[in-house]
Amino acid sequence: MPLTLTDVLRGSGGELAGESPRDVTFERAVIDSREVRAGDLFIALKGERVDGNDFVPYAIANHAAGIVSDRAPGAIPNRVAYVVVPDTLKALQDVGRYKLRQVGPEVIGVTGTVGKTSTKEAIAGALAQSRRVFKTERNLNTEIGVPLSLLALEPEHELAVLEMGMYVPGDIRFLAELTNPHIGVVTGVSYTHAERVGTIERIAEAKAELVDGLNKDGIAVLNGDNSWTRAMAERGKRSVLFGLEEHNDVRATDIESRGLEGISLTLQAGGASERVDLKLVGRHSAYHALAAAAVMLSLDCSLAEAAQALAASPGESLRLRVLPGKGGITVIDDSYNSSPLAARAALQLLSELGPRGDRVAVLGDMRELGQYSADLHRQVGAAAADVAGLLVAVGEEAREIAAGAGQAGLPGSQLLATTDPQQAVEFLRPRLHAGAYLLVKGSRAMGLETIVQAFAE
């Protein structure tokens with residue numbers, strides 16, 4: 001069921017302008033005029049710095065089949081369906097809601113301060129072994145990204161796995177109201193967002209908006225090893241706890257790393273157990289698998305079915321890439337984003353690869369940590385000192401990372417703190433050897449892709 005002009009008009013309540021055609025089916029909906037292809041619907045959103053209405057002529061020149069705008073049309077070709085609405089963002093959200101209700105999949109929302117995208121992928125991958133599953137692409141998890149994703153729903157989709165992010169409190173509440181989820185997964189709560197939100201208590205309350213926004217029969221799937229998410233089980237919804245500790249409903253034991261090939265673990269729930277080999281990399285990814293298993297059990301699958309589905313899942317990561325490197329090294333590119341928990345997880349993976357002398361860590365700044373930033377960067381530096389034989393810290397907080405590593409015993413000759421990724425490249429080039437593992441971990445604003453590009457083949 002492709003997106004039609006009728007969907008747009010009914011969902012948005014907009015008016016069709018002038019001589020616009022009425023029987024139109026769109027290939028895609030896009031909000032960036034540079035991405036418009038023939039047959040697309042261009043929705044002209046207003047941003048802080050640019051107004052999408054200014055780019056309507058470019059979208060039409062790129063053969064857009066339709067436009068949604070809050071401005072009256074100028075001279076436009078008769079082939080273009082031009083829909084006028086009072087507010088283009090609200091129109092996008094309303095059409096996304098309309099499309100979701102039209103198709104009617106059961107919605108699984110995923111949020112948390114770390115691991116949202118990887119958990120979403122694990123859940124969708126496992127469910128897709130037996131069901132028709134829709135998922136938000138990449139990390140389209142905002143009040144814009146979620147409804148934009150929903151416009152691609154098809155009639156065969158039985159389940160929709162939707163990542164839900166936040167910029168400020170209230171964002172997740174809105175996304176829950178938009179999508180009416182039946183299952184809400186909260187991966188954990190940590191200090192990410194502290195710069196904007198303030199305290200970890202307020203961060204936890206904002207993430208709990210997903211639990212509060214579940215439908216009347218909703219199920220909260222919660223990381224039971226995290227005290228903040230575990231407390232969400234007291235918010236009046238049926239809950240399923242997952243984790244490594246004994247009190248969890250779904251837990252993993254006997255976790256074994258197979259290096260870059262994946263992990264093996266024993267799933268336990270309801271008195272049953274299943275040994276499973278996963279293609280997910282790193283011990284921390286056990287939590288992604290456990291969340292997926294908990295969701296499947298909540299959908300009345302057996303533990304055996306969950307284990308089989310997880311074993312068959314591809315284990316692909318949208319973030320972490322393992323790349324062959326120049327001179328016989330291996331590059332582990334995890335440079336999309338970072339947080340204290342994610343950095344520690346990446347370092348744990350590095351610790352499982354080769355002897356200490358073969359392990360090299362490049363760590364960039366972790367953003368949005370507010371008053372906790374300096375201390376958390378030092379803690380990650382100390383953790384790196386326990387794992388890596390060589391450490392490069394890049395960014396404004398590089399000195400804090402280096403200070404933590406130095407205090408933990410890493411010699412100064414094996415350590416560099418810099419704000420310049422190119423300087424990091426020059427420091428590393430003579431120090432890397434065949435068989436080395438180069439981990440690159442940091443927030444995307446750090447420009448660490450320069451380092452990845454320098455050493456990946």
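Don't overthink the numbers, they just go from 1 along the chain as shown.
Including glycine, each Cβ sits where the backbone N, Cα and C put it.
If you check TrEMBL, you get these features:
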- G112, T113, V114, G115, K116, T117, S118: ATP binding site (BINDING)
- 31-75: domain 'Mur ligase N-terminal catalytic' (DOMAIN)
- 110-295: domain 'Mur ligase central' (DOMAIN)
- 319-444: domain 'Mur ligase C-terminal' (DOMAIN)
**Asked** Mind checking which residues reach the domain 'Mur ligase N-terminal catalytic' (31-75)? Cβ under 8 Å, same chain, six or more beyond either end.
**Response** 3, 5, 8, 12, 14, 17-18, 24, 81-89, 91-92, 144, 148
**Request:** For the domain 'Mur ligase C-terminal' (319-444), give the DSSP counts of helix residues, strand residues and coil residues.
**Result:** 59 helix, 30 strand, 37 coil
**Asked** Fewest neighbouring Cβ atoms within 10 Å: which of the binding-site residues T117, S118?
**Response** T117
**Request:** Return the single residue from the binding-site residues list (G112, G115) that has the minimum number of other CB atoms within 10 Å.
**Result:** G115
**Message:** Sequence gap of 6 or more, Cβ distance under 8 Å: name the residues on the same chain that satisfy this around T113 (ATP binding site), in order along the sequence.
**Reply:** T187, G188, V189, S190, Y191, T192, H193, I203, K207, S339, L341
**Request:** List the other residues in this chain whose Cβ sits within 8 Å of the Cβ centroid of the ATP site residues G112, T113, V114, G115, K116, T117, S118, in sequence order.
**Result:** V110, T119, T187, G188, A342
**Prompt:** Any idea what DSSP makes of V114 (ATP binding site), helix, strand or coil?
**Reply:** coil
**Request:** Could you give me the DSSP helix, strand and coil counts for the domain 'Mur ligase N-terminal catalytic' (31-75)?
**Result:** 13 helix, 9 strand, 23 coil
**Asked** Ranking the binding-site residues V114, K116 by other Cβ atoms within 10 Å, which is at the bottom?
**Response** K116
**Request:** Express the predicted model's confidence over the domain 'Mur ligase central' (110-295) as a mean pLDDT, rounded to an integer.
**Result:** 95
